[in-house]
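These notes are about the structure you will find just below.
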Amino acid sequence: MQLLTIGINHHTAPVALRERVAFPLEQIKPALVTFKNVFLGPHAPNAPEAAILSTCNRTELYCATDDRAAREGAIRWLSEYHRIPVDELAPHVYALPQSEAVRHAFRVASGLDSMVLGETQILGQMKDAVRTATEAGALGTYLNQLFQRTFAVAKEVRGTTEIGAQSVSMAAAAVRLAQRIFETVSDQRVLFIGAGEMIELCATHFAAQSPRELVIANRTAERGQRLAERFNGRAMPLSDLPTRMHEFDIIVSCTASTLPIIGLGAVERAVKARRHRPIFMVDLAVPRDIEPEVGKLKDVFLYTVDDLGAIVREGNASRQAAVAQAETIIETRVQNFMQWLDTRSVVPVIRHMHTQADALRRAEVEKAQKLLARGDDPAAVLEALSQALTNKLIHGPTSALNRVNGADRDSLIDLMRGFYQHAPRSNDQSGH
């Protein structure tokens, strides 16, 4: 079995492409089924394995397969599933085989490949991806072991290095940007759209600035109300957004919607109602919640996850010593995992040897039972049984020795000596 990771992320593709390749949560299980069966060889000797990790910053397919053409098949499947031409998608896709796939998984879970260096959210997202793949019946020995090692490495990296210390989060970056637009956040009305983890983090950072008003709009009113109460704010129905958008100076959105929930026309009307006072908007969703054209309006300052990334990277440079330490840990653990993977490669051979040997044994035992049933001498039957087993078991090694020459034969001879040097001696030879 070969490990392979196919994906795009914030390093290789802009948000405009990432949002088109993202998988809504409810689509991941059925997508895994088609991905496994169509492109990872359903009739291969070993059952293929797969997991899909889809976040704001990355979409990745983790595979274990015997299919040597899995790379091309996975890219083609991703293209067809999302209806994106291969020529448009392929230049942004990375394909990581074997140890590169292992190293990548370890780095992602440890926060080394994140826009926010050392952030912990990705670890939870990866665990969610594994849980979903397990529920879909898409995981097996190889990916299960990979992800368990991945989580252990992430824990080791975070526990022994300062990789997560003093990190500038996306939420903190949003506050910094707002402070560039407005003299003080405390005079502004802030609206958060959504009630997930990212909105909760953003609300925490903005609430620390004591805004004039803090409002949560969410599809599920009860969840929005609970979050609003935590920050002494209030909730409003998401359906009120078009008519009340003009009330807010700062709007932060991060929902799981597959289509934009804020369009150009709605924002144009809000700007007009505000008499062209500026609106600061942050779209942390992938796919995006706010139509990109909104950013072209004169009095609107619209930022996406990629825009916030520049601010985040300013805080990453100071922690390069921790990065080097983390990379050393990861490299050691990659080698350990590859050693385990190497041992797995002989398992099918050993299993086949056991099957063949057992078939020989059963055939000879059946012959012996027939001879005993017709009254043959038991001692003679046992002698014939042992001779037949001996001849058949050494037939393979003997044939191999006769087929090779030169250095190959010498190596095989040494190997055979090792096999048989500890063979038990008969009682008369041992003197007992």
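Quick reminder: no glycine exception, Cβ is built from N, Cα and C everywhere.
These figures come from a predicted structure and were not determined experimentally.
As written in Swiss-Prot, here are the features:
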type	residues	note
BINDING	THR55, CYS56, ASN57, ARG58, SER114, GLU119, THR120, GLN121, GLN125	substrate binding site
ACT_SITE	CYS56	active site, nucleophile
SITE	HIS104	site 'Important for activity'
BINDING	GLY194, ALA195, GLY196, GLU197, MET198, ILE199	NADP(+) binding site
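The Cα of GLY196 (NADP(+) binding site) lies closest to that of THR55, out of the recorded positions THR55, HIS104, THR120. Closest to GLU197 (NADP(+) binding site) in space, going by CA atoms and restricting to the binding-site residues THR55, ASN57, SER114, is THR55. Largest Cα to Cα distance within the recorded substrate binders THR55, CYS56, ASN57, ARG58, SER114, GLU119, THR120, GLN121, GLN125: about 15 Å as a whole number. The distance from the Cα of SER114 (substrate binding site) to the Cα of ALA195 (NADP(+) binding site) comes to 22 Å. The binding-site residues listed here are THR55, SER114, THR120, GLN125; among them, SER114 has the most other Cβ atoms within 10 Å of its own Cβ. Compute the center of the Cβ atoms of GLY194, ALA195, GLY196, GLU197, MET198, ILE199, which mark the site for NADP(+); besides them, the chain residues with Cβ within 8 Å of that center are PHE192, GLU200, LEU201, CYS202, CYS254, THR255. The shortest Cα-Cα distance between ILE199 (NADP(+) binding site) and any of the recorded positions CYS56, HIS104, THR120, GLN125 is the one to CYS56. Taking the centroid of the Cβ atoms of THR55, CYS56, ASN57, ARG58, SER114, GLU119, THR120, GLN121, GLN125 as the substrate site, the other same-chain residues with Cβ within 8 Å of it are MET115, VAL116, ILE122. When the C-alpha distances from THR55 (substrate binding site) to the recorded positions HIS104, GLY194, ALA195, MET198 are tabulated, the minimum falls on MET198.
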